[in-house]
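> If you scroll down you'll find the structure; I have some questions about it.
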Amino acid sequence: MDDWKPSPLIKPFGARKKRSWYLTWKYKLTNQRALRRFCQTGAVLFLLVTVIVNIKLILDTRRAISEANEDPEPEQDYDEALGRLESPRHRGSSPRRVLDVEVYSSRSKVYVAVDGTTVLEDEAREQGRGIHVIVLNQATGHVMAKRVFDTYSPHEDEAMVLFLNMVAPGRVLICTVKDEGSFHLKDTAKALLRSLGSQAGPALGWRDTWAFVGRKGGPVLGEKHSKSPALSSWGDPVLLKTDVPLSSAEEAECHWADTELNRRRRRFCSKVEGYGSVCSCKDPTPIEFSPDPLPDNKVLNVPVAVIAGNRPNYLYRMLRSLLSAQGVSPQMITVFIDGYYEEPMDVVALFGLRGIQHTPISIKNARVSQHYKASLTATFNLFPEAKFAVVLEEDLDIAVDFFSFLSQSIHLLEEDDSLYCISAWNDQGYEHTAEDPALLYRVETMPGLGWVLRKSLYKEELEPKWPTPEKLWDWDMWMRMPEQRRGRECIIPDVSRSYHFGIVGLNMNGYFHEAYFKKHKFNTVPGVQLRNVDSLKKEAYEVEIHRLLSEAEVLDHSKDPCEDSFLPDTEGHTYVAFIRMEKDDDFTTWTQLAKCLHIWDLDVRGNHRGLWRLFRKKNHFLVVGVPASPYSVKKPPSVTPIFLEPPPKEEGAPGAAEQT
């Protein structure tokens with residue numbers, strides 16, 4: 001080891017130095033502080049620039065206001081200012097205001113756009129078939145009405161004609177077809193389209209597509225049409241683009257006297273269209289009614305619940321007839337609207353009535369059922385002292401003596417526990433089977449369509465077990481079930497005090513209305529005094545029925561009851577026929593007889609203990625089911641009950657008809 005010498009090429013050994021944790025932390029902290037100072041400085045500079053820009057904007061605004069004050073424009077009211085804000089743009093240097101309108105028609109979709117805003121779009125399957133109509137205000141361009149008329153179905157063209165005739169002159173009309181709109185487009189409707197200036201509308205063919213824009217009483221602004229090349233196909237989609245020049249606000253407004261009624265009218269007519277003379281500038285129809293008071297009115301303080309949805313034109317017609325009925329109390333009327341729709345509430349406000357909207361619950365018939373429950377509950381909450389409620393629907397005409405009819409009969413509900421309701425509707429009361437407006441019946445079915453409900457019945461029996469939202473049941477069919485009716489009956493008139501005019505609804509269409517509702521008899525005679533009202537009580541009615549059967553002439557049962565000659569050509573007589581009815585629910589012969597009499601035949605209605613009462617050839621006609629009816633004892637031994645066998649069902653035919 002003495003001769004060892006270090007190599008000069010090797011680095012001398014030294015202990016490795018390590019920075020302490022304190023110095024590392026201090027170094028990082030210094031860097032973070034520097035970054036934070038940089039960010040703070042940037043933020044201050046940004047705020048400074050923002051303040052400078054805002055100060056400049058404020059100074060520019062003050063300068064502009066000062067210049068405007070030196071040369072002020074005439075003062076304008078709020079409505080004019082609003083109209084200015086909403087008015088469409090000017091085209092280039094031209095002072096004329098115009099709208100860009102696009103209209104699309106095809107097999108599965110229609111849409112309308114105004115200045116780039118879609119105001120109609122319908123591409124739902126199996127819905128929206130027919131002619132869609134939109135009405136625009138000619139001064140502002142805002143949508144005043146949207147309707148669809150299924151002119152493939154009967155009578156929808158009549159509804160379209162009525163609507164278009166009620167639109168004020170000058171309004172902008174837009175029409176477009178989805179799927180098919182010509183099958184039931186009859187000559188009257190085609191003539192009206194021709195009068196609007198349309199060339200393609202009157203010639204509209206099977207599955208053609210068509211788009212139209214025009215001014216009522218003015219020029220056509222655009223039209224496109226594509227013919228279907230074959231019965232199995234549709235016309236090509238058409239897209240119509242056109243400019244719509246707008247007129248001055250002066251042309252679009254009426255100048256009525258400044259009264260509370262006219263203020264209501266002005267608010268209504270500035271928003272919606274299709275209501276005819278109520279918005280006439282020269283001679284508007286009244287919106288306040290003064291029917292004669294009803295002496296000793298027993299229903300003056302009975303609340304009236306109007307069950308409504310989104311059918312404002314129906315609601316308008318219904319409320320006009322209701323408010324014209326003798327003995328009406330407008331303060332007792334509440335309109336319940338299923339959904340937050342604007343136009344039905346506008347109709348309610350026009351007449352100065354109370355309207356209540358609520359959120360829809362469930363779907364289809366369950367939604368209607370929940371709407372009824374909510375409305376009935378709210379009615380008795382609004383009027384906690386009421387013992388009864390009158391229940392109406394938005395698609396009913398109300399007879400002039402509707403409240404008189406109820407006033408004369410409502411005591412029966414208080415005095416006879418065997419009664420379920422009083423209804424203004426006779427299911428079998430057609431023009432050829434109803435005759436006597438003073439005559440009343442007891443029936444085992446609940447007709448609805450304008451009826452009186454006892455509060456105790458609703459609160460104690462119906463409300464607690466009302467069908468829940470998940471049950472897709474019709475509320476009226478549920479009320480007719482034996483579990484609810486419990487053997488009780490309803491009082492009805494021979495001649496109805498309500499008329500079901502609606503042809504659009506959940507369980508309604510033009511075909512169904514034509515077959516079962518259009519020819520119902522409706523009383524138009526005021527001041528009818530009902531006859532022998534107290535004879536409608538349970539025991540007294542049995543005495544009356546036995547009296548009628550004892551006096552009735554037995555018809556010749558060898559004749560065909562469907563032939564006109566089955567009843568003699570007399571007037572004022574009472575006749576009786578006996579039909580086979582083996583048990584209480586055996587309605588085979590009755591159903592066939594109802595079919596050939598052209599009255600309600602989808603289910604059994606209007607019967608009392610196996611007996612039906614109606615008129616034929618102005619004769620009182622009684623039909624007794626043997627042996628099920630207790631009145632079978634009145635059948636002479638020599639008479640064989642009539643049996644009518646139903647025709648055999650065609651293969652593939654539906655098992656049951658839809659019922660309302």
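Cβ atoms are placed via backbone N, Cα and C, with glycine included.
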> Which of Arg125, Arg129, Arg147, Arg263 does Swiss-Prot put in the same carbohydrate site as Asp179, Arg207?
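Answer, per Swiss-Prot (carbohydrate site with Asp179, Arg207), from Arg125, Arg129, Arg147, Arg263: Arg129.
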> Which one of these stretches, 229-255, 634-660, shows up in Swiss-Prot as region 'Disordered'?
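The listed stretch tagged region 'Disordered' in Swiss-Prot is 634-660.
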> I'm validating the feature mapping. Which of 24-29, 168-173, 192-197, 600-605 is tagged region 'Interaction with O-glycosylated substrate glycoprotein' in Swiss-Prot?
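That would be 600-605, per the region 'Interaction with O-glycosylated substrate glycoprotein' entry in Swiss-Prot.
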> Which stretch does Swiss-Prot mark as region 'Interaction with O-glycosylated substrate glycoprotein', out of 107-113, 156-162, 506-512?
506-512
> Compare the C-alpha of His371 (UDP-N-acetyl-alpha-D-glucosamine binding site) with the C-alpha of each of the disulfide-bonded residues Cys269, Cys281, Cys596, and give the closest one.
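So, spelling it out, the nearest of the disulfide-bonded residues is Cys269.
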> Measure from the Cα of Cys490 (disulfide bond) to the Cα of every one of the recorded positions Cys254, Cys269, Cys279, Asp395, Cys562, then give the nearest.
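Comparing Cα positions, the candidate nearest Cys490 (disulfide bond) turns out to be Asp395.
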> Just how many other Cβ atoms lie inside 10 Å of the Cβ on Cys490 (disulfide bond)?
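So the Cβ neighbour count for Cys490 (disulfide bond) comes to 23.
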> To see if you understand the setup: which same-chain residues, six or more apart in sequence, place their Cβ under 8 Å from that of Cys421 (disulfide bond)?
Leu413, Met446, Trp451, Val452, Leu453, Arg454, Cys490, Ile491
> Using C-alpha atoms, which one of the recorded positions Cys269, Cys281, His500, Cys596 comes nearest to Asp395 (UDP-N-acetyl-alpha-D-glucosamine binding site)?
His500
> Provide the number of Cβ atoms within 10 Å of the Cβ of Gly309 (UDP-N-acetyl-alpha-D-glucosamine binding site), excluding the reference atom itself.
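Around Gly309 (UDP-N-acetyl-alpha-D-glucosamine binding site), other Cβ atoms within 10 Å: 22.
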> From the DSSP assignment alone, can you count helix, strand and coil residues within the region 'Interaction with O-glycosylated substrate glycoprotein' (600-605)?
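Counts, helix then strand then coil: 0 helix, 0 strand, 6 coil.
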